[in-house]
Amino acid sequence: MEEGARSCLLLSRSSLEQDIRASYLMDHMISDGVLTGDEEDRIRSKLTRREQATALLELLLRKDNQAYISFYNALVRESYGDLASLLHNSLPLVSPEAEKSFSDGGTRYVQAVLSEGGVPQRPVVFVSRSALVNRVREKLYRLQKEPGWVTVFGMAGSGKSVLAAEAVRDHALITESFPGGVHWLSIGQLDRADLLVRIQSLCFRLEQQSQEKDPSSSLHRPPGSLEEAKERLRFLMLRRYPRSLLVLDDIWDSSVLKAFDIQCRVLLTTRDRSLADCVSGSKSEVAVESGLEEDQALEILALYVNGKPQRLPEQARSIVRECKGSPLVVSLIGALLREFPDRWAYYLHTLQQKKFKRIRKSSSYDYDALDQAMAASIQVLSEEHRELYIDLTVLEQDVKVPAKVLSVLWDLELEEVEDVLQDFVNKSLLFRDCHHRPYLYYLHDLQLDFLTEMNRSGLESLHTKVVRQYQQRYSQGPPTSGDEECLYWFRFLTYHMAKANLTQELYSLMFSLDWVRTKAQIMGPAHLINDYVEYGAILDKENSEVRGHFQEFLSLNGHQLEQRPFPDVVQLALSQPESSEVYRQALLQAQERATRGGLYLDWVNKSSLKSLSRLVVQPHQGSIYSACFSHDGTKIASCGSSKTLRVFKSTSGEKLLEIQAHDDDVLCCAFSPDDHLLATCSSDRKVKVWSGTLPSAIQILDRLQTDLVVYLCNYSFCVLWNINKPSSQNTMFGHLEPVNHCCFSPDDAYLSTSSSDGTLKLWEVSSANEWKSIDVADVFPEQREQTEVIVKCSTWSADGRTIICAARNAVFVFDIETEAMLLEIRTSRLSTVQYCHACPSSKLVAIALSHYAVELWDIETSKKMADCSGHLSWVHGVQFSPDGSLLLSWSDDQTVRAWETNKVHTSSAVCLKRDSDVLFNNGDITVVAADNRNRLQVRNGRTGAVMFQSEDQESRIRCTAICTQTSAVGLGREDGTIQVLEVPSGASLATLQGHTRTVLHCQFTPEGHTLITSSEDTTIRVWRWRTGECVVLEGHKEQVRCFSLLTTSPSSETHLLSWSFDGTIKVWDMSSGERLQDLVCHQGAVLACDVSPDGQLFATTSADKTAKVWSRASWQCVRLLNGHQDCVRSCRFSWDGRRLATGDDNGEIRLWNVKDGTLLKICSRDNKDAMDSLHGGWVTDLHFSPDNTVLLSTGGYIKWWNVEKGEALQTFYPTGANLKRIHVSPDFSTFGGIAH
C-alpha cells in the first residue's frame, strides 16, 4: 500500500474504529476479492463490534492499494460518507494488478472515475454477459445529448447491480457521454430518514470532489430535509456535474425515485419495471434474464473452486439446472464451495429440498440468506396483492398459465386479473411470455420453491381453493374451447385434486367416460394415460380394478384417439370386456343415444379373444423403421420416414422429446448404456449422437466419421467405432454383399453380422478377426440358384451360446460352438421375416413378419407361443425390454406397439384366417374358417366356442363354405383338392379332385346339392358333391377369384356369372357347361362384380380405375363410371336397384345413380389416416341395409354411412388388419368377419 494511503488510515483509525460495522463492509471486500473467507471468519470471531473493526483495520494495513480502494468503496456503499471523506484525498493510483482486472475496456482514468464515484469493483469471480452489457451501454449512449432514465430490471439475484457496474466500466462511454463522472448510490428499502442520510452522503461526496477541483468552492452544511436535499442534489448535478451519470442501485419504491427526479442522467436497477413511470424525462429499459447460460454458470463455479468447467463434478450441472442459472444462487453456492469444496452433493440436496436458509450470505449481497431476498420482494406488495400472490403457490414448475385461469381462481374479472399480473411482472415477481396471445405467466423456479416452502402447511387448502373455484365456474361441464385456459384445466385439474387430497372428486372425474372423451379429444390420450399412472396409488385405494379398466382402454386405443376426425369414444369403449367399467358406462350411453337415432355396435364374441397388447402409440406421420427401449425401460425412442426422432414414456406414450433429426429417412436409433445419449443413422449417410434430454446434436458425423458404437453402411464390410475417438477403431472385411445388420454378444466380446451374401459371420471385437462363418444360404438348396438368400438380422440368446438369424420366411437357431443348426422355424410362405430378437430373460424369440404379424416362439420347446395381431401393415422390427416383460414392435402403419410377454398363452398362438363363411340362422351365428395351423374350425359366432376342429390339412386351406341345408362345410386347398366334412363329427363326406392349382373360392347352391369352385387354374367346376359328378367351365385365361349365381327365377339357377383377372365376364349354363356370354369388360383385371336385386343389371369394377353397369338384356355396357383415382375393388347395388356403391384402394366410396350414371355422393374422411388411406386400407366389401338408408363398408375398419347425406354414422375398429369380407344378417342387425 502506498505510504500516503497507509498514513491516512492510521490518522483516521480511531474515528473508523468507533463508527464502522465491519460485518457490513467485509461483504463488499470479499466480493472485490481483497478479503478471503478465512480472514472474514477470524474477524467475525472477535466478540465486540469495536474489536472486529480494529481487527479489520489491522488486516487492511498489511494489504495493497486495491484493498484501500475496496474499503473506501465499501464505506461509500454503506453510507459512511463522512468517514469515506477522510480517506478520499489519499486514494492511491491504480496498481498494476488492478490494471489487469480492468482489462475489458477499462483504463487508469476509468478506474479513477469509478473509484471516486463509489462504483463497486468487479466481483472476484466474474463472467461476462456481453450481450446484456452492450444493450445497457447502447441505452446509456442515448443520454449523451439530454437527460433521461435507463432502467435495468429483473428478479432478485439476477445480477442487475454487477451488470450496471460493468456497463459503465468503459472508457469511450465515460469520455463521450459522462465526462462529469459516474456517481453510484446504493438505495435498497429505505424510509424517508434513511433516504435523507443517503442523499446527504452523496451531496457531501460531490461537494468534496468539486472543492478539490475548484478550491474556491466551499462545503455547505448538510441539507436538513428531503426537499432541501433534492434541491441541493439538483444544483450539484446541473451546475457542477452537468454531464455525469447518477446510478441508483436497487430502487424499491416510486416515492424514493421521485427524490431523484432532478432532470439529470440516471441509470437505475430495480425489481419493479414500472417504477420509472412516476418520473419525467425520456426513458428506456433493459430486462435482465433471470438465469445465466449453463456454460456461464459453470464457469463461475469453476472460478470459485479454481478448476475448469469440464472437470466439475456432475452435481455442478445439476445445481445450475436446479436454480435455473440464477447468478445469486450460483455465486452464493460458489462462495460456499470455495471454503468447503467437497460439499457439491450437500448443496445440491439443499437446493432440491428448498432449504434456502442454509444457503447463507457469503458475498456482498444485501440479505443474509436466499429466503430473505425472496421475502423482501413479496413484502413490498399490498396486503391484498400479497394474498393473491401466495395463491400462485399451487402452480406446477415450468408451467405457464393464462390470465383466465387466475380469473377463475381469484373470482375476479379478467381485466382486473391482468392488472394484478402486470403489477407482479413489473416487480419481477412473475414472468410473462409475450410470444403467446393472450399472454402466459409463470414463476421462476426459485420463486415457486420459496412460495412452496413458505406456505407448506397451507398447500392442501390452496389446492382445494383451486378445485372449488373451478367447480363453481364450470358447474355445467368443463370448458371445451381448446384455448390455453381450457388446456390448463384438462392437464392440471387432476393434479390439484390429488394435491388437495380430494380423493372422491378425483375418483368421480377419472372414472368417468365423459371426462376421458373430452380430455382425449382436446389433449390426446398420452396425458390421460399418464394421469392413471401418476395417480394410480390414489385411485387404487378406491378401486384398482376400475383404474385398470380405464388405463387399459386408453393404452390399447390411444392411437385411434389421435385420429382426426375424432372417433366415437362410446363405440370404442363398447369393444371392452363386458366386465369393464368402461364398457358399462359406454353401454348406458349407447342405449340412451340409440333412442335418439344413434347407431352403435356391440362386439358379441369379444370375451373369447385375448390380447397381449399393452400400449399402442402413433409417434410419427409415416413408416416407422426403428424403435428401442431405454436401458431402464422407462422410455421408448422411435424414428422413420418422417425424418424425426421421438422419445416417449413407455407407460403412457407421453412425448418427452421430438427432434427433426435428419434430412432423409431415419433408419435406426439406439440409447447409450447410461441412457444419456441417443444415436441415429439415416439415408442421408450421417450418424448423429444426441443428448437424451435436449433437442441438440452432440456430434454430426459424415459416413465413416462417427463416434457411435457400431455404424454399418450399405457396403460389404462393417466398421466398429470407439465412442471417444474421431476415427474408426476397426474395420471388418469378409462379406461379399451389403451388411444388413450387426449385433453384439451379451458380453460384448463378439459381433455378429448378417449379409445379403447369405452368410452370418461372427467376429472377435478386440481384434476384428473373423471367428466363425455360417452359410445360411445352404439351408435353401432348392432355391439358392434361383434367387439370392438375404440374411436380414441376427440376435444372441441370453446365455450367448446360440445365435438366431432370419432369412426369407424362416428363422434359424445355431449352436455357436459347433455351428450346427438346432432349430428351424418356418413361417407362411407368403410372408418374409423382417426382424427377430431374443428375450434377455427367457427362451422366447420374437419374429416380425411382412404379413402384418408378430410371432413369439419358444426355441427350447420349438412351439409358437403367441400370435400378436394388430398391425395394419409390414412389421419392420421387434425388441424386448431389458427385463423381458415387454415386447416392442413397429410398422409401416405408423404405430409402435408394446406387448406384455408375461401374458403369453398357447391359445393366443391360434388365430383364424380371413377366408371365411358365416351362417345366420334364427339368432344363431356359425363361423367357418381355417386357422393358422391349417385346420378347419367351426365356431359359435356369439361365444367363440369351437364346435368343430379338423385335423391338420396336408395343403393350405384357401377358402371355405357352409351348406345351409345340411350339417356340412366345404374347403378348398392350395393343391387343388376340395373336401366336404360333416359337422360336428368331422367325417369326410367327399374329397373332390380335379383342379390343378389353388382353389380360390367355393360356394354351395341354396338347395345344398351342388358345390361350385373356382381356381388359379382358370377353370370353374360345378360339383354334385355327393356323387363326385363335375361340369368344368373353361374359357378364362387367368385365375378366377369369384363368381355369382343368377337367381332371378327358378330357371336361371343354372346360370352362373364369373369374372377374372383377364378382364372378362362370362355367363355359363351350369348344367351343360355351355358358355352363354363372353364379355371383354375392362382393360385391367376385373376385381368385383354384383348383380342387381331384379337380376336385370350387373356391375363390374376393375384395376383400370373404372366401374361399369351392364344390361343383362342386351349384354351391353349401359353406364361407364369414371372418377376413382385407384383400383376399384368392390361394388354393391342397393336393394331397390336405384343406387350403386363402389369402393377403391384409396379408401374412397362413391354412390352413383344407376338410372343415369351421375355421381350422388362421395363417402370418405376429410383426411387420410395412418395407412395413407381414407378407410384404413382398401375398401374390400360393401352392403346396403334393407331399407337402403345405410351403407356398410369394410377396409382397415368397418364404417356405416348415411346414404342420403354421404356422412359416416359409425366406425368400428377391429383389432387386426384389413377385413377381406364381412357377412351381414338378413335384418342388417348382426355383422361378422375375421380381422387378423
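Including glycine, each Cβ sits where the backbone N, Cα and C put it.
Listed features, source TrEMBL:
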DOMAIN    1-90  domain 'CARD'
REPEAT    659-691  repeat 'WD'
REPEAT    732-773  repeat 'WD'
REPEAT    868-909  repeat 'WD'
REPEAT    992-1033  repeat 'WD'
REPEAT    1033-1078  repeat 'WD'
REPEAT    1079-1111  repeat 'WD'
REPEAT    1121-1162  repeat 'WD'
Quiz prompt | Counts of helix, strand and coil residues, the repeat 'WD' (868-909), according to DSSP | solution = 7 helix, 18 strand, 17 coil
Quiz item: Using DSSP, how many residues in the repeat 'WD' (1079-1111) fall into helix, strand and coil?
Solution: 0 helix, 19 strand, 14 coil
Practice problem: Using DSSP, tally how many residues of the repeat 'WD' (659-691) sit in helix, strand and coil. | Solution: 0 helix, 20 strand, 13 coil
Exercise. Tally the residues of the domain 'CARD' (1-90) by DSSP class, grouping H, G and I as helix, E and B as strand, and everything else as coil.
Key: 68 helix, 0 strand, 22 coil
Quiz item: DSSP says what for the repeat 'WD' (1033-1078): how many helix, strand, coil residues?
Solution: 5 helix, 20 strand, 21 coil
Exercise. Would you report the average pLDDT that the model assigns to the repeat 'WD' (1033-1078)?
Key: 88
Quiz item: Quick one: DSSP breakdown of the repeat 'WD' (732-773) into helix, strand and coil?
Solution: 0 helix, 24 strand, 18 coil
